[in-house]
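**Student:** Pasting in a structure now, in structure tokens, and then I'll have a few things to ask.
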């Protein structure tokens, strides 16, 4: 999951949908290799100014790192839970499918950007459907960012009491000042709000790179703890306490399920989709790429998605093989409070998510200002009020939601399929001219099927999730 840019760059004068001259169509075909055609004005002999006439400075390797960091987010903590409810083989197959589909959707975005020279996700919405399209895309991105903020604050809610309790040698369940709900309010007021009130991100924007480093540390620790805890969990002191996860609930034979389907599967695929959302960041990274071509940026995307697939697969597999069917949606909760290695992991993750929340809040506020107050000058009162209202709403959400799985599941069933499946396919169908790709050509049929798949995925996931909530199975699952 990544930090989504909810504010677009200034776009060029839009061309009419579905129409291109013969020369422009030829330019589009050349654009399979170059980002924008380099035609010249016959009157002046000068090349027309395009937004990418400046040379990008970011290397290929750094672009891979940036996009990998955009993909990486809190969703990695829920992947072992997803594997527990699908089985090892089925999970890895689903994860591979989500990765491949994410790569294809990025291909659709890059192709659309190549046609019209736009470098922001919501500007593609305006190009395809006018101002209403831009508003819809901005709302979806804001929803996804609110979900990301909620997941980060939920991690603070569950992990900070354990960290403070360890240092103070206190029971986080027994002392009122170690309650998670109180702590997230204090962290929001004392740390997140002051950072969110800054007028510009400045160096705070670089703190998002902490997430990738912290999650690598998390992965290494999960692998190490698997071999330390071993199989005989009933005699191991490093697992969670009995009241957190009853020992009899562990798989006594330590046999992993290779393929399984249960009522909680309605959460598993959305968790995987949530973990791969990076699409609003693709076009800005494309803009900054040195020698930007569609093929080169697609290679950046493929390498980033491939690296995250490996990292996600390892984390889920070793986490599941440590705790089997008892693993929780937030895997760090499974480890004991006194484990010093896990304490270091908790501190690293807490630092990363705390500093990332204001970074996520910035584009939401900017998008709201552009949508609600497009012609208004900067106002500190409005700047502070939007940040405060957003933090209050997210805190209420985190306090009321019982598990982080519900956040992963809902966002992974709504904004994630919209950003990965539905919007890229709709953009492709609307933006790519019929002179280049006829309506019934194979690429457009593929894009149409891709969008339909996203709609079905959203409908089925939400249907099963609401059914679980209505019947109480969500609470009875024990996680």
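Cβ from N, Cα, C; glycine included.
For 1-61, 119-135, 198-202, 286-302, 363-383, 428-446, the entry in Swiss-Prot reads topological domain 'Cytoplasmic'. Taken from Swiss-Prot, the feature transmembrane segment covers 62-84, 98-118, 136-156, 177-197, 203-223, 265-285, 303-323, 342-362, 384-404, 407-427, 447-467, and the record attributes it to sequence analysis. Annotation comment: Swiss-Prot describes 85-97, 157-176, 224-264, 324-341, 468-479 as topological domain 'Extracellular', evidence class sequence analysis. Summarising the annotation, Swiss-Prot assigns disulfide bond to 231-254 and lists sequence analysis as the type of evidence. Per Swiss-Prot, the feature N-linked glycosylation site maps to 236. The annotation site 'Involved in pH-sensing to the transport activity regulation' is assigned in Swiss-Prot to 471.
Please situate the listed features within the shown structure.
**Tutor:** Nonlocal intrachain contacts for the transmembrane segment (62-84), taken as residues 6+ away from its ends with a CB within less than 8 angstroms of a stretch CB, comprise 1-3, 91, 95, 148, 151-152, 155, 208-209, 211-212, 215, 218, 257, 267-269, 271-272, 274-278, 281-282, 285, 288-289, 297, 300-301, 303-305, 307-308, 311-312, 315-317, 319-320, 322-332, 353, 404-405, 408, 412, 479.
In the predicted structure, the topological domain 'Extracellular' (85-97) carries a mean pLDDT of 94.
Sequence-distant contacts of the transmembrane segment (136-156) (same chain, six or more residues past either end, CB-CB distance under 8 Å): 1-6, 73-75, 77, 121-122, 124-125, 129, 180, 183-184, 187-188, 274, 277, 280, 330, 332, 349-350, 353-354, 356-357, 360-361, 363-364, 367-368, 370-371, 390, 393-395, 397-398, 401, 404, 407-408, 410-411, 414-416, 418-419, 423.
Tertiary proximity for the topological domain 'Extracellular' (157-176) is limited to same-chain residues at least six positions away from its ends with a CB under 8 Å from its CB atoms, namely 182-184, 187, 330, 332-333, 337-338, 343, 346-347, 349-350, 398-399, 404.
In this structure, residue 254 (disulfide bond) belongs to neither helix nor strand by DSSP; it is coil. Residue 254 (disulfide bond) is surrounded by 13 other CB atoms, counting those within 10 A of its CB over all protein chains shown.
Residues 1-6, 9, 58, 63, 66-67, 70-71, 73, 75-76, 78-79, 81-83, 85-86, 91, 94-95, 98-99, 102, 105-106, 109-110, 113, 118-121, 124, 141, 144, 147, 297, 300-301, 304-305, 308, 312, 329, 405, 408-413, 415-417, 419-420, 424, 457, 460-461, 463-465, 467-468 of the same chain sit 6 or more residues outside the transmembrane segment (265-285) yet have a Cβ under 8 Å from a Cβ within it.
Secondary structure of the topological domain 'Cytoplasmic' (286-302) per DSSP, as helix, strand and coil residue counts: 12 helix, 1 strand, 4 coil.
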**Student:** So, does the transmembrane segment (98-118) come close enough to the transmembrane segment (342-362) to give 3+ Cβ pairs below 8 Å, pairs being at least 6 apart in sequence?
**Tutor:** no
**Student:** Please figure out which one of 98-118, 177-197, 384-404 racks up the most CB pairs under 8 Å against the transmembrane segment (303-323).
**Tutor:** 98-118
**Student:** Residue 254 (disulfide bond) to residue 471 (site 'Involved in pH-sensing to the transport activity regulation'): how many Å between their Cα atoms?
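**Tutor:** Approximately 31 Å lies between the Cα of residue 254 (disulfide bond) and that of residue 471 (site 'Involved in pH-sensing to the transport activity regulation').
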**Student:** What is the three-state DSSP composition of the topological domain 'Extracellular' (157-176), stated as helix, strand and coil residue counts?
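**Tutor:** Summed over the topological domain 'Extracellular' (157-176), the classes give 13 helix, 0 strand, 7 coil.
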